[in-house]
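Record features (Swiss-Prot):
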{"type": "ACT_SITE", "residues": "Cys379", "note": "active site, nucleophile"}
{"type": "ACT_SITE", "residues": "His515", "note": "active site"}
{"type": "ACT_SITE", "residues": "Glu517", "note": "active site"}
{"type": "BINDING", "residues": "Ser14, Asp147, Ile148, Glu149, Lys187, Thr188, Lys189, Pro190, Thr191, Gln192, Lys223", "note": "CTP binding site"}
{"type": "BINDING", "residues": "Ser14, Lys187, Thr188, Lys189, Pro190, Thr191, Gln192, Lys223", "note": "UTP binding site"}
{"type": "BINDING", "residues": "Asp72, Glu140", "note": "Mg(2+) binding site"}
{"type": "BINDING", "residues": "Gly352, Leu380, Gly381, Met382, Gln383, Glu403, Arg470", "note": "L-glutamine binding site"}
Amino acid sequence: MSTKFIFVTGGVVSSLGKGIAAASLAAILEARGLNVTILKLDPYINVDPGTMSPIQHGEVYVTEDGAETDLDLGHYERFIRTKMTSRNNFTQGRVYKDVLHRERRGEYLGATIQVIPHITNDIKQRVYSGAEGYDIALVEIGGTVGDIESQPFLEAIRQMGTEIGRERALFIHLTLVPFLGPAGEVKTKPTQHSVKELRSIGIQPDILICRSDRKLPSNERAKIALFTNVEEKAVISLPDVDSIYKIPALLKSQDLDYFVCRRFHLDVPEADLVEWEQVLYQESNPTGEVTIGMVGKYIELPDAYKSVNEALKHAGLKNRLTVNIQYIDSQDLETKGVDSLAHLDAILVPGGFGGRGVEGKILAAKYARENKVPYLGICLGMQVALIEYARNVAGLVDANSTEFNAQSASPVVGLITEWLDAEGKVEQRDEKSDLGGTMRLGAQKCHLTPGSKVHAVYGSDEIVERHRHRYEVNNNFVEQLEKAGLSFTGLSEDKKLVEIIENKDHPWFIAAQFHPEFTSTPRDGHPLFEGFVAAAHIHQKASS
């Protein structure tokens, strides 16, 4: 059948949870047997989020095909089985860049390039292309209705609604209905004005999802329906909940999926949410708890480590444990010492870039090694564990990464200096190269050493994990580090690059160059995080 489109916009304020709402609806539709995908359209001018500050933008989520994308794509993959690709996320900057590139090549035959039709046509083509082959495509428009940056995207989806007709296009508007304490009531006026703004550009929402800190009374839903020209049963109340994984059931209880299927004339089975019921059961019935310290430098914005946070929670579900995450600024370890690590059941050092706070991360790895505390290093977290071991065990006292000290006499971690590009040509990469689009990215195979801890964790000889990094373990130091007792138990497909290290004299000390957090889901978990949380619980019991 022809793809049906559900366009999701937001109003009043940003960060209302459009991505979670879209992903939750997608999960219900998928549970009805439909083939579903989700696209995210970002209005900012950056070509992609790859070089944006994690403190401003949150984490950069990496897809299987190596696209650096918005963190909402992580939500999408955690809620539905469909794997996201580079087609599932694009920015206004990417659109303008490509349109201007075609203009320079003369592809517009000298025409004056305008937002309408050239920019909007490019947006529409990307949406159609990204949705191809699916029963339903949800399209989330970043930002808020009324933002200048969002106007080309809103115009594009307005045109799409006209082109494909009401039987294939449905508009959902997510809005805020605040509760005013002194007045003792919810206020619908912001929602009314937000819908008025949306209608002024030619889009009439079919469904309103109203965010509030409480369930909306039926009389307020009726009032909103009256003033926004939306069916009363299509005004959905979405109150705050203590777990985002409750939202699919919450939306289903208000027949949101039924409304969508009726609108699209879809005769499909009822949604079976038994997998989500199992997730909620595991979440609400823990048998214990562990405290894991996450040592990083972007801790003022937890969304900078969004997928790691979620992966730890998923591992807690599989172990029937509540995972309490304590964020520790790595710079504090440099200035105040490591006493803040003493009460932890495990230590995790996630990825990152730049030299700020690196010595604190090295101290965290040293503390975990010396005190037999379970340690999981991810990307930079592996590199600092390697540097620490080289300095304090292998005798390479000046060991470092060339990212932090280009003149190090023992550069145990170094820049990727050449590889093949997509056309099979050799490219040179050094410290003078552009930062954007110059990394080892996406899903790659890794061979595991039989008999190693990580082999036992995965239960497989070969795995596929996603990468996002420029620097690698320097193979010139591998033999010396192995003689000092460090184990290199995961190698790239061609056996030339180190992917995983282990400390064989430690109960659980594993560090990986890749990012396992990107493939963890609440329904399936991830073996590396599950093993890590289980080790934290064992350490807790042994220490008590």
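Note: Cβ is positioned from N, Cα and C throughout, glycine not excepted.
When other Cβ atoms within 10 Å of the Cβ of Gly381 (L-glutamine binding site) are tallied across all protein chains shown, the result is 27. The shortest Cα-Cα distance between Gly381 (L-glutamine binding site) and any of the recorded positions Asp72, Lys189, His515 is the one to His515. Candidates Glu140, Met382, Arg470 (binding-site residues) were compared with Thr191 (CTP binding site); none lies inside 10 Å Cα-Cα.
Of all Cβ atoms in the shown protein chains, 8 besides its own fall within 10 Å of the Cβ of Ile148 (CTP binding site). Considering only the recorded positions Ser14, Glu140, Ile148, Glu517, Gln192 (UTP binding site) has Ser14 as its nearest partner by CA-CA distance. A straight line from the CA of Glu403 (L-glutamine binding site) to the CA of Cys379 (active site, nucleophile) spans 13 Å. Between the candidate recorded positions, Lys187, His515, the densest Cβ environment within 10 Å is the one around His515. Secondary structure from DSSP puts Gln383 (L-glutamine binding site) in a helix.
Checked against Glu140 (Mg(2+) binding site), the recorded positions Ser14, Thr188, Gly352, Cys379, His515 differ in C-alpha distance, with Ser14 being the nearest. Around Glu403 (L-glutamine binding site), a 10 Å sphere centred on its CB holds 20 further CB atoms from the protein chains shown.
Ranking the binding-site residues Ser14, Thr188, Thr191, Gln192, Gln383 by how many other Cβ atoms lie within 10 angstroms of each Cβ puts Ser14 at the bottom. The 10 Å shell around the Cβ of Pro190 (UTP binding site) contains 15 further Cβ atoms across the protein chains shown. Using Cα positions, the member of the recorded positions Cys379, Leu380, Met382, Gln383, His515 nearest to Lys187 (CTP binding site) is identified as His515. When the recorded positions Ile148, Thr188, Pro190, Lys223, His515 are compared by Cα distance to Met382 (L-glutamine binding site), the shortest distance belongs to His515.
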